[in-house]
Amino acid sequence: MHGRIGYIGWRLFQILPTTFIIVILAFVLMKLAPGDVIDVVAGESGGATPEYMAQMRHLYGLDIPVWQQFIHYIVSLAHFDLGYSFRENMPVSELIVSRLPATITLSLTAIIFALMVGVLLGMIAARYRGSALDGLISVFSTIGFATPLFWIGLLLIVLFSIQLRWLPVSGLSTVGADYANTFQYLLDVGRHLILPALSLSLFFLSMYVRITRSSMLEVYGLDFVRTARAKGLREWQVIFGHIMRNAALPIITITGLEIGGLLSGSVVIETVFGWPGIGRLAYDAVFSRDLNLLLGIFLFSSLLVVLMNLAVDLLYVALDPRIGRRRS
């Protein structure tokens, strides 16, 4: 018990220094990139004088030394202030909050679909290992694992939007649509969600297939599985009651680690499908050199990954207390 509590306390203590290192790395990398948002705004407006650009940099504090900018940024973070987006002309925190529901909807749909279908296919492949069905599932997972996300998205657009015209190409909902009730709106959002969620989920689905299959095959030959069969249990009882319970830890690990992959993949998918989420916001911030917005998105994404890894570790300890005693 004490070992588990000590391990949990140690992991919680690690969040603060990890976050601080992430902030330093993100700030330094952003500052090493050439140009800033003032250069972009001046280029778009055309004819901006050097005096005007210098005045704007002074107004937003971009003309002071980098170390002073970093101190100001840390002080702002201590007050839970992510800064101001010069490009969007509003606070970064408000921008992230406004785009967060769209990204959560896309990511949750993709991960739930990938988890359900991927684990099911992995179980089927392990159950019928060496068969033609196992080979077919393995080929499918290899193709899904190796195919770039943007290419999958483009193929789905060509097939289902351009050729068959079954689903819309982009956006969260139909522009200018007059919905009679909330159900019609949700139905329209669902139609727009299918292609980006499917594109985002295929890579992770393939990963679940491979992890589930390999984890189950490692457990299949163990003594307790043979004992369960000797007791006369049905095959589905052996699989769900014994094999999957012991093969679940790798699946839990992948689920926690996939959060980072979902965030990075959402940048590609949201850009391809015009989905108005945080990924698309990050893409726009890169091209507009909006440092504060990029730092805010990077910090939010990194904290989410750190917290998910912590949640996976704590779940590990709950499932197997020996892990907490060993690591503490």
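One is the number of the first residue shown, and numbering goes on along the chain from there.
Cβ atoms are placed via backbone N, Cα and C, with glycine included.
As annotated by TrEMBL, transmembrane segment applies to 12-30 (among others).
The annotation domain 'ABC transmembrane type-1' is assigned in TrEMBL to 100-316.
Residues or ranges marked as transmembrane segment by TrEMBL: 100-124 (among others). Using a Cβ-Cβ cut-off under 8 Å and counting only residues 6 or more beyond its ends in the same chain, the transmembrane segment (100-124) has close neighbours at 133-134, 137, 140-141, 172, 189, 193, 196-198, 200-202, 204-213, 216, 239, 244, 251, 255, 258-259, 262-263, 266, 269-270, 275-279.
Here TrEMBL flags 136-162 (among others) as transmembrane segment. Away from its own ends, the transmembrane segment (136-162) comes close to residues 121-122, 124-125, 168-169, 195-196, 198-200, 202-203, 205-207, 209-210, 213, 265, 268-269, 272-273 of its chain (Cβ-Cβ under 8 Å, at least six residues beyond either end).
The transmembrane segment feature in TrEMBL is assigned to 193-211 (among others). Below 8 angstroms of C-beta separation, residues 105-107, 109-111, 113-115, 117-119, 121-122, 125, 137-138, 140-145, 147, 149, 152-153, 156-157, 160-161, 167, 250-251, 254, 258, 261-262, 265-266, 269-270, 272-273, 275 of the same chain, each at least six residues beyond the ends of the transmembrane segment (193-211), sit close to that stretch.
Sequence-distant neighbours of the transmembrane segment (247-273) (same chain, 6+ residues past either end, Cβ-Cβ under 8 Å): 102-103, 106-107, 110-111, 115, 119, 149-150, 153-154, 157, 169-171, 195-196, 199-200, 203-204, 207-208, 211-212, 214-216, 218-219, 279-280, 282-283, 301, 304-305, 308-309, 311-312, 315-316, 319-320. What TrEMBL records for 247-273 (among others) is transmembrane segment.
Under the heading transmembrane segment, TrEMBL lists 293-319 (among others).
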